[in-house]
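Summarising the annotation, TrEMBL assigns domain 'Tetrahydrofolate dehydrogenase/cyclohydrolase catalytic' to 6-121. The annotation domain 'Tetrahydrofolate dehydrogenase/cyclohydrolase NAD(P)-binding' is assigned in TrEMBL to 140-288. TrEMBL lists G166, R167, S168, I232 with the feature NADP(+) binding site.
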Amino acid sequence: MTARILDGKAFAARVRGQVAEHVARLKADHGITPGLAVVLVGEDPASEVYVRSKGKMTVEVGMVSVEHKLAASAAQADLLALIHRLNSDPAVHGILVQLPLPDHLDEDLVIDAIDPAKDVDGFHISNVGLLGTGQKSMVPCTPLGCLMMLRDYHGDLTGMDAVVIGRSNIVGKPMAQLLLGDSCTVTIAHSRTRNLPEVVRRADIVVAAVGRPQMVPGDWIKPGATVIDVGINRMDAPEKGEGKTRLVGDVDFDSCVQVAGAITPVPGGVGPMTIACLLANTVTACCRANGLAEPEGLTA
Ligand SMILES: Nc1nc2c(c(=O)[nH]1)N[C@@H](CN(C=O)c1ccc(C(=O)N[C@@H](CCC(=O)O)C(=O)O)cc1)CN2
C-alpha cells in the first residue's frame, strides 16, 4: 500500500482564498480592513524569509501588512514599548513576534505583553488557558493547520487514537488539546517516553513534532494510519552538489509512505498551512474585535 499524500501547499492556497473572500466582504459590507503587524528582531535568515512571506501573503489576501524590524541588539524595553503601541493601535488586529528571539530577550515576557485578543500566534498564556479549558481562543497556527488537514481528510475524528510526539508549547501541547477537543483519545509522547515504537504503533493519527530528522520509521506506523509530519529539518545534501541542502521531516517519509494510509510531505505539507492559518487568525481577530460573525471553517 502507498499512502495518500496530503498536499498542504494546495490546501493552504484554498484557505488563503477563503480568507481573501472574507476580507473582501469585511471591506464591502463594513468598511473594515484587517491589519497584521509582524515584528522581527535580528537577522536570522530563515526568520527573514518567513516574515517576508507573511507580509506578501497578507497583502495578497487584501489585508494591511505592517512590518517592524529591530536590531539583534534591541533592548527588551524597546520591544515591549513597540508591542504596547501596537496593542493600542485600532488598525492593527493581529500582532506576531517572529521566533526565535535573540538570547538576551525573554520570550515569555514578550509574548505575554501582546494583547491576547490580537495574539494571532495563540501563544499568550490567556489563550493557552482558554484552549486548555475548551473555550474560544486564538489557536496556534501550525497545530490549527494540522487539525484542518485532519478534518478535511477524515471528516469526524471522534474516538480516534492520536499520538502527538513532542511536547512543545508551540506545537505538541496545543495539538494535543485540539485533538482532545475533537474527541480523539490523545497520548503526548516525547524523548523520555518508554516503548515509544509501541505507543506510536497504537495510533490512528500520528503527529510528529520533535525536531529530530527522520526519527519515526515506517515500522512504528500502524498500517493505514494518518501521519502528520511537523518537522522542518535542513540537512546537507552533497548528492545535489557542494554546499547544497534539503529539507526533511521528523518522519522517515520513504518507509512511512509504504505503511500509512495518508501522510504529509516535507516540504509542502504542514509548513504552508502555518502562514495560511496566521491569515485566518487575523481575520478571526478582526471579526471578534468588531463584534462580527467569524469566518466559518477557519477556526478550531
Ligand atoms: N511567531 C512565530 N514564530 C515561528 C513560527 C510561528 O508559527 N510563529 N513558526 C516557525 C516558522 N514559520 C513561521 O513563522 C514557518 C515555518 C515553515 C513554513 C513553510 O512554509 N515551510 C515550507 C518550507 C520552506 C523552506 O523551503 O524553507 C514547507 O514546509 O513546505 C512557513 C512558516 C518558527 N517561528
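Backbone N, Cα and C atoms are what each Cβ position is placed from, and that goes for glycine too.
TrEMBL annotations: computationally assigned, not manually curated.
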Key: Around the Cβ of G166 (NADP(+) binding site), the count of other Cβ atoms that are within 10 Å   = 24
Key: Secondary structure content of the domain 'Tetrahydrofolate dehydrogenase/cyclohydrolase catalytic' (6-121), with strand meaning DSSP E or B   = 59 helix, 19 strand, 38 coil
Ask   = Under 8 Å Cβ-Cβ from I232 (NADP(+) binding site), six or more apart in the same chain: what's there?
value = L247, G249, V266, P267, G271
